[in-house]
Every structure is written in C-alpha cells, then in structure tokens.
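Heads up: the structure comes next, in structure tokens.
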Amino acid sequence: MENFRKVRSEEAPVGGGAEGGGPGSSPFADLAPGAVHMRVKEGSKIRNLLAFATASMAQPATRAIVFSGCGRATTKTVTCAEILKRRLAGLHQVTRLRYRSVREVWQSLPQGPTPGQKPGEPAASLSVLKNVPSLAILLSKDALDPCQPGYQPPNSHPGPSSQPTAPTSKRSLGEPAAGEGSAKRLQPEPSAAEEDRTA
C-alpha cells in the first residue's frame, strides 16, 4: 500500500437488521424522541463532549443520551459514558456492539506507468471493504428493561470506585519516603593528596 494513497472512505450500504444499519439507524429502536445523540469521533475532545452532555442531561426534559462511535473512537466513547455515569448518579446503561462496513478507495501514486498501463490511462484504483466495530451506549434517567442484553444497573454508591489503600505515614517535606534514596549523590571524602593539589 506504499504506492497508494487513500482517496475517500465511505460507509458501505448494508441491508437492515440488528447487525447492520446505515449511518442514521439507531441500535435502540424504542428510544424517546427527546434523547440526545452524541457521535464521538477519533478527533473529538472529551471535555467538549462531556460539557455538552452534562448540560443536556441537567435539563429535566432530557431523559436519555446515546454515545456512539466506531473504529478508533470506541475507547473514547466508553470513556465519555463512564465519566458521565460518575458525574450523574442513577443512570441506567445499555451497551450495543455492532459492525459497520466501510469502503476505502485507494489510488496509485503518479510514479510513472505501471506494467501493462498505457500512457494517458487513469491511475489504477483499489477498493477495500472493512468491517469496523461500532459501539453505542445508552444512558437513561428512567429505568430500563434489565433483561435486555448489555444492561447495567446504576451504581449503588455514587462517586469514584477506588479501593481503600494502605495508610501512608506522614513525613516532612525534606524527608525521602520509605524505599526512596536521597536525590543527592554522595561525594567521596577528599583525600589528603587532593587537598595538597588544591592548596
């Protein structure tokens, strides 16, 4: 692929159904009409996504929000949903994983004619069909059906879920912690011969 460059990338048309679906199809069929849909992309900033999502969920009319992303944006999608669940307690979650077909069109670089190509012919192109993972996470203030696949109930205790750690001893600012060496290197004591040279 070193002699090719990507010209375009488009979502391949796929038939309907639970696994497929076009760019506008939602994996949540019974979603309320006032739900907010956040499309997370690879270059999206998490702080911008969460600022809008938090402000939207603070409104009483908004009862649900969907974070969706595909390809390299799936990890960012999960991160956004988990941070929002920590900020707003009592959210019910349903996660759906699907695959989307993406067609990439590559065109050969103009390095001269390829074997068998006549001068004046257009450059050779290559079409690649990829199946890319797509993730959609529904967070709802209202109770959802706990029997559906991918359901997670709200956290029983809000706040960060950190395990208690071992107690740390208090020390003064100048003291190294246990197991740490001092930052200074110890210099050897000057010998008598070195003192004579300096004098």
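Backbone N, Cα and C define each Cβ position, glycine as well.
Annotations in TrEMBL come from automatic prediction, not curation.
Record features, source TrEMBL:
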type: COMPBIAS; residues: 1-11; note: compositional bias 'Basic and acidic residues'
type: COMPBIAS; residues: 14-24; note: compositional bias 'Gly residues'
type: COMPBIAS; residues: 158-171; note: compositional bias 'Polar residues'
type: DOMAIN; residues: 37-100; note: domain 'DNA/RNA-binding protein Alba-like'
type: REGION; residues: 1-30; note: region 'Disordered'
type: REGION; residues: 143-199; note: region 'Disordered'
Determine which residues of the chain contact the compositional bias 'Basic and acidic residues' (1-11) at the Cβ level, with the cut-off under 8 Å and only residues 6 or more beyond its ends counted.
22-23, 100-109, 111, 125-126
If you average pLDDT over the domain 'DNA/RNA-binding protein Alba-like' (37-100), what do you get?
94
